[in-house]
Amino acid sequence: MQITIAIQDTTGDDQDFLSLQVFPDMTLETLRNSIQAETSHHPSTQHLYHNGNLITDNSKTLTQLNVTDGDMLALHVRETQRATAVPESQQGRPAAPPQQDPEFLRLQFLANPALRAEVERTAPDLAAAINDPQRWAQLFRERYDREQRERAERHRIIQQLNEDPFNPEAQARIEEIIRQERVTENLQTAMEHNPEVFGTVHMLYLDVEVNGAKVKALVDSGAQATIMSPDIAEACGIMRLVDKRYGGIAKGVGTAKIIGRVHTAPVKIGSLFLPCSFTVMEGKNVDMLLGLDMLKRYQACIDLAKNALVIQGEEIPFLGEADIPKATEEALQDEPTIEGPGGTTIGQRTGAVSGPGTAQHRQGQAGPSTAAQPGPSAPAPAPASASAPAPRAPQARSFPREHIEQLVALGADEQKAIRALEATDGNVEYAASLIFEGF
């Protein structure tokens, strides 16, 4: 028959599965020896569990222990006190040279453009100090010490939770810790190998004329209808043509009030004059939106390779970043952010990454915890920063208690958990990721 062994090591970092072909009359001692042959774990360190019960009688057969075909056994590898004494003495030796010489590495990065580019992608804060030996050494040691503390803290938490391995709450916390580590690894992998996904994608705008008035129109093939704001409809002189019988409420991502509909009005796109109908709607941050109704009617093609809208053979180029409405940029500046690797910040809605140089500016707007730290040290010369922490006090108390306790269970103190929740607008998953990154 075949059984599966779920192996958990002493650190709790690695879990493996082992499939074994066994016989019903095989003793537990023979099974331990088979596991040792496959994994090199000594039988004295093997703690086997079946259906949540520790099995210790090595003389009993698998049949006597009620182990049947297809069963899974849990194996927890726990070193004895005498066996762990040797690694403790050996841990001092690797800690003696904990890292390479920072100055040697700095010179290597300066001499190798490829390595330097890699540092700029993965650790922008180090790359900014590469020409300052003292600053480089300081940041290098701080980074190494932080990683060591985080690793030791994770091991300590997992070891504490493994003291009661069949406690559902403990296992749920271990699962959350492992999941957050995978999320962080996934983020770092994306920033290293696919950094373009973190750039800001600007919307597609065109210069058009409606009834002779110039308007910047957003091209949105995901919108069902062509939309115009009441202010622009008034400026274009077509507000008097609104048929209010078509009023109502638009529901989608949120709701908006529909004032009515303009059944037809001339729109100039490029050199083409095209009749178009408009839905006049409040509550949108865009002056005019060319929807799918108009794009399909005139068989328009959004050609991203040419960065143009093609209508009836004419190519109308989309506006550049500097020409799009400023309201779009202001919305991006007000976007809440979370901390990313190497001192970067990541927008929660767009995923856009900002370097360390712009992190402090955005922290003053989005309110991460680091913006509140300089306030007490210099309240007098910086009234703007001193006023920022003022609304934080009531906000810190608004987080659910269970969210704070989840972060405390990951090794953070209560104040650190609250600051992490403030920095992520109450998102527990992002807050846990910040704590693991040394927030």
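Keep in mind that glycine also has a Cβ here, set from the backbone N, Cα and C atoms.
Checking Swiss-Prot for region 'Disordered' across the ranges 42-61, 82-101, 142-161 points to 82-101. In this view, D220 (active site) is surrounded by 18 other Cβ atoms within 10 Å of its Cβ, with every protein chain counted. Residue counts of the domain 'UBA' (398-438) by helix, strand and coil are 28 helix, 0 strand, 13 coil (DSSP-based).
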